Amino acid sequence: MTLAAGRPYLAIPGPSVMPDAVLQAMHRPAPNIYEGAIVDMVRAMIPDLTAVAGTNNKVAIYIANGHGAWEASLSNIASAGEKVLVCITGRFGNGWAEMAEGLGIVADRLDFGKTDGIDAARLEEALRADTNHDYKAVLFSHVDTATSLLNDPRVLRKALDAAGHPALLMADCIASMGCEEFRMDDWGVDVALTGSQKGLMVPPGLSFVFVSPKAEAVRHAMPRVSRYWDWVPRLDAEFFYQFFGGTAPTHHLYGLRAALDLLHGEGMENVWKRHDTLARAIWAACEAWGSGNGALRMNVQDPALRSHAVTALSLGGKDAARLRAWVAENAGVTLGIGLGMETPEDPRGEGYFRIGHMGHLNAHMVLGMLGTVQAGMQAIGVPYGPGALDAAAAITAV
Ligand SMILES: *Cc1c(COP(=O)(O)O)cnc(C)c1O
């Protein structure tokens, strides 16, 4: 017998669960890309897309995953030999820094560890020390998906302003957009980027770079930018929505239209509140499981620094790997692997796992997933504290 038949829940931090409305919108014949409905649809869709980022800025769309957006954003603001400052709070900040180095950009790293988030005073100090203003940008992950740390963009903006440094503030919002409150314009973020497959609930393959006028000016001062990544033609609505720099990603665009309808039908404030409430239900369960002689620990202790889209957890030994295997095989839930959490004692990071709780997600999915995790801990014989499901239900009940 198996209890895994039925609708599966892919509880990893991206790709996320795709809504039926998105899948159905994509299930259609190929359209004419040169004129007609799809061109009009894209033009009309842009304000709905920028509204998700809380911006009146322009957006460049790429047929790429998040790594593409990383490279796109860097290619437009710095040349080989120029410098950026990267705030690292887990695996993903390092990934962006490595992308910069691949372009010959010098990426100075400020590593803040895996549990405490960005120290604004240290950032300010590093910016003040850059008296020549060599740093063209400060890069950070809004949510680092490996550690599940949430970094408040306003804190970084303040540090830049306090240091009087003109660098662009660039936010990786791949794990956060459509999940966490984000207001690009109000919060003074100069470049924000995301991908289609996390909070936006569309298959992987599209990415988006939102560009402020200040960042546009930096691009215009560049001697050259590689043709594919150059955001100038992509920011030009009249050119781009008709031509897309090549064949338009037709079916992804239909899917995105359906996803934006879902987000704005619910309202962005409500979308953020839903993620907040469901995240708190997960944290309450995790705290209860970790009480007494429970083995489970959340990676981030301070709730103000926790992502509402992903939670990184440790279970010790190789028990996280055993738990993931049990819930996948026996209950139809796929949990995320630990990422960037390797230690000498645990060289493959098998003591860690992650729960993705982003995008198309409701209370019954979260409560079902939590019940399943508890069943899994019971089955593999891991000790856990009492009251987790009660605590999660109490949060969803208010
Ligand atoms: C998923 C993710 C990426 C990488 O995106 P890909 O689409 O896998 O290339 C980068 N940064 C963050 C914060 C992410 O969550």
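For all residues, glycine too, the Cβ spot is worked out from N, Cα and C.
TrEMBL does not curate its annotations; it predicts them automatically.
Listed in sequence order, the residues of the same chain lying 6 or more apart from Arg354 (substrate binding site) and placing their CB within less than 8 Å of its CB are Ile12, Pro13, Thr145, Ala146, Ser148, Val310, Thr311, Ala312, Leu313, Leu335, Gly336, Ile337, Gly338, Leu339. Reduced to three states, the DSSP call for Arg354 (substrate binding site) is strand. The substrate binding site feature in TrEMBL is assigned to Arg354.
Residues or ranges marked as domain 'Aminotransferase class V' by TrEMBL: 58-335.
Sequence-distant contacts of Lys198 (N6-(pyridoxal phosphate)lysine), defined as residues of its own chain at least six apart whose C-beta falls under 8 angstroms from its C-beta, comprise Pro13, Gly14, Pro15, Ser16, Ile174, Ala175, Met177, Gly178, Cys179, Ala309, Met358, Gly359. For the recorded site, Lys198 (N6-(pyridoxal phosphate)lysine), the DSSP three-state label reads coil. The N6-(pyridoxal phosphate)lysine annotation in TrEMBL covers Lys198.
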